[in-house]
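S.K.: Quick one: the structure is below, questions incoming.
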Amino acid sequence: MNPSSVPHPLPPPGQQVIHVTQDLDTDLEALFNSVMNPKPSSWRKKILPESFFKEPDSGSHSRQSSTDSSGGHPGPRLAGGAQHVRSHSSPASLQLGTGAGAAGGPAQQHAHLRQQSYDVTDELPLPPGWEMTFTATGQRYFLNHIEKITTWQDPRKVMNQPLNHVNLHPSITSTSVPQRSMAVSQPNLAMNHQHQQVVATSLSPQNHPTQNQPTGLMSVPNALTTQQQQQQKLRLQRIQMERERIRMRQEELMRQEAALCRQLPMETETMAPVNTPAMSTDMRSVTNSSSDPFLNGGPYHSREQSTDSGLGLGCYSVPTTPEDFLSNMDEMDTGENSGQTPMTVNPQQTRFPDFLDCLPGTNVDLGTLESEDLIPLFNDVESALNKSEPFLTWL
């Protein structure tokens, strides 16, 4: 053992020990040589397990020659195919004996190509007018010569839906499967379909017998059609009921309008009309229309039980001016006859009030006064009128 590899005793606490390497370059060169120039050695000198030096006894440790626990012998392998042997968890391997496994082993070992999973609907015949063809890559699609459509969906799967599924989803119909055009993804198939449309002229019910189809499958489209008709009837009834309610509402509005017109006083006929001919024509077209007033696109909107002339739909207007006010229009001083006042009014009514006579300086002829002479007179009038409010001044 190398003495340098022996661990040195621990120094006492509180002391330090310094180790000095004598030949560092020689030891480093030896390490490089041992790695770069390894010496040949026998495998026997290495610490290896015993199974490393022994050949395998059988093929049980190899994937290529694995055997079945039931005693079956492996059959010949096929190039390019998947080898299928009976698994250890198969119930058949537990029930069969050694002799039966040896006889049935090669028959069950077979290879198959990749294909679609098995479907029960593949055994059913296609509906009348349908044809199944394949693309260049082996993908199948279906042609309907009656409706002249092309789809990836199998029409037999739609017919094979259970009846309880139809009851849970009544809106699903036989034609609800989305039909995607083949011309978008497969242009060549669209041209091929045009050539195959000629076959549709020779199709007839005799060429496509339906006796082989089960009765349950044929009743599904009938049930779907019946439910669709019932839904259409319900929608039609709702539309009719809504139309009847609109008509009754319109009649009620017309009756209310007639009642309000009868309650109108007769004096309103003598009032000045405001665009009554044009308004009555438009209103007559609205009220006499048999359609919904909210749907005919008219510019008028009605409001229930409104007596405001600006918002009502009637052909009347409620007066807001007192009736006895208009009869006294002749007594009022308006701007129209203001220019005729000096000739029609009595000259005695133009004299100043009596209280001006008691004021100083007012015993002179007022007609001969100039504007400058009237200024002190106006000041006296202001002082007489503003005795209670002496703090106010005129500007």
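Glycine residues also receive a Cβ, built from the backbone N, Cα and C atoms like all the rest.
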S.K.: Look up motif 'PDZ-binding' in Swiss-Prot and report which of 256-262, 312-318, 389-395 it refers to.
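M.R.: Within the set 256-262, 312-318, 389-395, Swiss-Prot attaches motif 'PDZ-binding' to 389-395.
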S.K.: Between 154-188, 224-258, I'd like to know which one Swiss-Prot lists as coiled coil.
M.R.: 224-258
S.K.: Name the residue among Ser89, Ser93, Ser117 that Swiss-Prot annotates as phosphoserine.
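M.R.: Looking at Swiss-Prot, the phosphoserine feature maps to Ser89.
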S.K.: Annotation ubiquitin cross-link per Swiss-Prot: which of the candidates Lys46, Lys54 has it?
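M.R.: Lys46, according to Swiss-Prot.
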S.K.: Provide the number of Cβ atoms within 10 Å of the Cβ of Lys46 (ubiquitin cross-link), excluding the reference atom itself.
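M.R.: By my count, 8.
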S.K.: Can you check what DSSP calls Lys46 (ubiquitin cross-link), collapsed to helix, strand or coil?
M.R.: coil
S.K.: Averaging the per-residue pLDDT over the motif 'PDZ-binding' (389-395), what integer do you get?
M.R.: 59
